[in-house]
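K.L.:
Checked Swiss-Prot, it gives:
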type: DISULFID; residues: Cys74-Cys79; note: disulfide bond
Amino acid sequence: VPTQRLCGSHLVDALYFVCGERGFFYSPKQIRDVGPLSAFRDLEPPLDTEMEDRFPYRQQLAGSKMKRGIVEQCCHNTCSLVNLEGYCN
């Protein structure tokens with residue numbers, strides 16, 4: 001199955017082509033663990049109180065998992081028409 005990178009309007013056009021009248025939606029299919037990146041967190045300077053107030057959930061999100069969506073799957077990497085079909089209604 002051939003794969004290619006699809007970004008921006010090319011990705012949208014491909015979704016219209018694959019999904020047709022069914023339409024499409026964004027729904028993350030996979031989750032990626034960002035635990036190995038936690039060492040970089042220790043290199044950041046401490047936040048002042050004002051920044052902590054503006055981003056109260058920052059620490060909770062820092063060690064969480066990132067959802068992998070269609071842009072990461074098809075633009076940052078390559079995907080096939082079969083992958084795209086997973087985003088159809």
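Just so you know, glycine gets a Cβ as well, placed from its N, Cα and C.
It should be emphasised that the depicted structure is a prediction, and the values quoted were computed from it without experimental measurement.
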K.L.:
Write out the long-range same-chain contacts of Cys79 (disulfide bond), meaning residues 6 or more apart in sequence whose Cβ is under 8 Å from its Cβ.
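P.N.:
Non-local contacts for Cys79 (disulfide bond): Thr3, Gln4, Leu6, Ile70, Gln73.
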K.L.:
Return the residues near Cys74 (disulfide bond), defined as same-chain residues 6+ apart in sequence whose C-beta is under 8 angstroms from its C-beta, sorted by sequence, else 'none'.
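P.N.:
Non-local contacts for Cys74 (disulfide bond): Arg5, Leu6, Cys7, Leu11, Ala14, Asn83, Leu84.
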